[in-house]
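Worksheet for the structure shown next.
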């Protein structure tokens, strides 16, 4: 309203018109509007209107201006608006502008019927605005519901994506765990195979050691047998050695032979003198021959003994070689038997290892087949779960789409019902005013009793009746449908009657209030004109 920006300048401008304002303004007339603009509180209003010290009206106006001056620019604007509404001439004189709102001149210019017509027009405009806002609100509600449906769809997709991510993470973790377990099993298998190889090597070494000890034992047994044979030979030789009696007899024969030889030598020495005798010669000749024969026999015996010794040596050597060869043959036989037993044991071990290998391969193939079957079953179950999830999502989408279509149909139904109500209200508005004037005296007494109670509430919240009407209209529109027990025509008729009764009561209340305010304005205007003439 004001072009000033400084509060002091605004109120200093009004100071030049203070005498005029104090002489013209009635504080009881503008305080409700100022209180509605929230520049006056109930305490200030009580002070201005009911203070026993303020008996004169001019003093009340002065105190009111002082209170408004403390509120600053807001109080200045509210005060000018009150002047524009209730004192347009004074507003024109103070601001030099034409008032945009001529509320206080309606009764003077058009009378009570014009005020009623204006109020009814404003009520219809507000009702139409409320209906438009209701339609807009319903469309916004439908749009919000569609957005909620889309949001729920998006959340479903997000939940599905999150679930797929979690399943992927779980699968990757399970795959990693399986790889770790497989690696651990492979390491354990390698360790066990190494231990098995080491055990086999130790077993082979122990077997070789056992064979070597067995061979050493057999060689010791053979040596023992050879020594036993030598011992038996020595015992046999000792048994075949001549006895002591035979040796004594031979010693006696030897002594006899030596004595005879000595006798012969003595006889020879005695007979050297008679060597030339024929007998001696014959004896010598015989002796020589016997000596030669003896020498020949001795040489023959010596050669025979030599041959015998050589033969015995050869026989002993052959016997030793035979025994050695027998021992070697026995050792070779035992070695062959040992190697044969070892080869048979190795073959048995190889057969056992091949059997174990076949069993391990069969068990591995069986486990591989079981693992493959389990993986296939798991893949089938995952595929089935995925298909069921997709079907569930499709059914959820169909449910959401059905709900959205249902909501859209409900919105269209509400819009059609609202259009029908608007059409019916327009038809009722186009009806002649005579019916209203005829039906007006019937509710006059009842509305007169209610008007005094509702004046203050109407001033404080002018939009409350329209909100109540809107709520009633919405409740009626929501109550209509297949589940309502009343037919649509009866419900529409009841709605029209309630709406018409409410308009009549509202018009009567407004008319009475405007009539009372008109009387007060006439008194104030006459008083202000008198004061203006007096001041001029």
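Using N, Cα and C of the backbone, Cβ positions are placed for all residues, glycine too.
Record note: among 99-116, 117-134, 135-152, 99-116 is the stretch given as region 'Linker' by Swiss-Prot. Checking the candidates 231, 319, 477 against Swiss-Prot, the annotation phosphothreonine falls on 231. According to DSSP, the domain 'CARD' (6-98) comprises 72 helix, 0 strand, 21 coil.
Averaged over the region 'Linker' (99-116), the predicted model has a pLDDT of 58.
When the recorded positions 73, 125 are compared by the number of other CB atoms within 10 angstroms of each CB, 125 has the fewest. Neighbour density for residue 10 (Zn(2+) binding site): within 10 A of its CB lie 21 other CB atoms from the protein chains shown.
Residue 125 (ubiquitin cross-link) is 36 Å away from residue 10 (Zn(2+) binding site) when you measure Cα to Cα. Distance noted between the C-alpha atoms of residue 125 (ubiquitin cross-link) and residue 73 (Zn(2+) binding site) is 32 Å. Of all Cβ atoms in the shown protein chains, 10 besides its own fall within 10 Å of the Cβ of residue 231 (phosphothreonine).
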